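First the structure, in the form of structure tokens, and then the observations on it.
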Amino acid sequence: MWFFGSKGASGFSSRSTAEEVTHGVDGTGLTAIVTGASSGIGVETARVLSLRGVHVVMAVRNTDSGAKVKEDIVKQVPGAKLDVMELDLSSMQSVRKFASEYKSTGLPLNLLINNAGIMACPFMLSKDNIELQFATNHLGHFLLTKLLLDTMKSTSRESKREGRIVNLSSEAHRFSYPEGVRFDKINDKSSYSSMRAYGQSKLCNVLHANELTKQLKEDGVNITANSLHPGAIMTNLGRYFNPYLAVAVGAVAKYILKSVPQGAATTCYVALNPQVAGVSGEYFQDSNIAKPLPLVKDTELAKKVWDFSTKLTDSQSGESSS
């Protein structure tokens with residue numbers, strides 16, 4: 001679909017930009033957290049949300065880089081409301097610190113955009129001794145969402161506006177390990193595959209959004225949760241790629257890769273476009289609903305990932321699982 005740029009049911013395509021899919025949308029009064037907002041499509045996401053009047057909190061590992069991005073955005077969007085806060089998703093302590101500091105500001109939270117990620121890195125463990133891609137791409141966002149969910153619920157009730165949780169997944173979710181999620185081998189270095197581990201983390205992003213949808217509906221809360229594939233974009237997400245592969249991809253990039261404004265489009269569409277009102281538990285691509293791997297519709301697997309993630313995050317805090 002992206003290669004030909006054909007429009008889907010939404011009226012948008014792989015060639016649509018973040019500005020185009022949010023044209024005419026007024027986000028005044030909304031507050032959003034965007035993780036990984038200091039690089040790649042996270043920057044464009046923060047910029048376009050700001051352009052539409054959203055107060056954006058940039059959750060970034062490097063606050064100096066975040067401050068520079070904020071400065072650049074303000075130059076382009078005078079009057080933009082942006083804050084920079086430190087967040088290292090590979091560290092549960094950092095996630096808890098961020099959530100605590102965010103709640104202490106008293107800010108509402110309408111939109112949570114779980115954008116940050118790493119891709120295809122060599123085998124490494126996080127500060128909590130969990131395989132780094134699983135820890136950063138899935139577990140950090142799982143914990144962040146859990147800690148901020150009450151704030152989102154109260155914001156939705158008080159503002160009478162729909163809250164939206166957006167998980168950036170990838171088409172790589174189709175290429176996880178054969179067993180899908182390696183619950184008993186998350187830290188198995190001997191059989192580690194950098195790309196399959198990435199796919200596993202992206203599969204969990206979709207399953208997380210789907211289980212969230214189920215729980216939010218049961219609670220009767222006006223909050224949606226969706227996942228998406230932003231498209232193939234040449235950003236520093238792939239900084240661990242083999243250099244020869246990077247050169248080969250670069251040679252054909254202009255024919256097959258999205259620009260950053262195009263890459264941020266689906267995120268901004270799912271976060272702001274009124275067409276998505278009330279839509280939850282879906283997987284989007286090119287600003288349209290798409291079909292994910294059938295495995296992600298496995299509700300038992302989604303619950304198992306949820307329980308597994310809860311156990312891992314609770315074990316680092318001394319809490320008991322529930």
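Note: Cβ is positioned from N, Cα and C throughout, glycine not excepted.
According to Swiss-Prot, the NADP(+) binding site annotation covers GLY36, ALA37, SER38, SER39, GLY40, ILE41, GLY42, ASP88, LEU89, ASN115, THR136. Following the DSSP three-state reduction, the secondary structure of LEU89 (NADP(+) binding site) is coil.
Sequence annotations record features per position, and here Swiss-Prot assigns substrate binding site to SER170 based on similarity to another entry. Taken residue by residue with DSSP, SER170 (substrate binding site) is part of neither helix nor strand, so it is coil. Counting every protein chain shown, the number of other Cβ atoms lying within 10 Å of the Cβ of SER170 (substrate binding site) is 25.
Here Swiss-Prot flags TYR192 as active site, proton acceptor, drawing on similarity to another entry. Sequence-distant neighbours of TYR192 (active site, proton acceptor): residues of the same chain at least 6 apart with a C-beta under 8 Å from its C-beta are PHE123, GLU131.
Feature annotation from Swiss-Prot assigns region 'Interaction with calmodulin' to 298-314; the stated evidence is similarity to another entry. Long-range contacts of the region 'Interaction with calmodulin' (298-314) within the same chain, counting only residues at least 6 positions beyond its ends with a Cβ under 8 Å from a Cβ of the stretch, are 92, 128, 130, 138-139, 142-143, 146, 180-181, 183, 204, 207-208, 210-211, 214, 320-322.
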Separation of alpha carbons, THR136 (NADP(+) binding site) and SER170 (substrate binding site) (Å): 15
Surrounding CB atoms that lie within 10 Å of the CB of GLY42 (NADP(+) binding site), all protein chains: 28
Cβ neighbours within the same chain of LEU89 (NADP(+) binding site) - under 8 Å, at least six residues apart: THR35, ARG61, VAL95, ALA116, ALA135, THR136, ASN137, GLY140, HIS141, LEU144
The region 'Interaction with calmodulin' (298-314), counted residue by residue under DSSP: helix, strand, coil: 16 helix, 0 strand, 1 coil
Fewest Cβ neighbours within 10 Å, where candidates are the binding-site residues GLY36, GLY40: GLY40
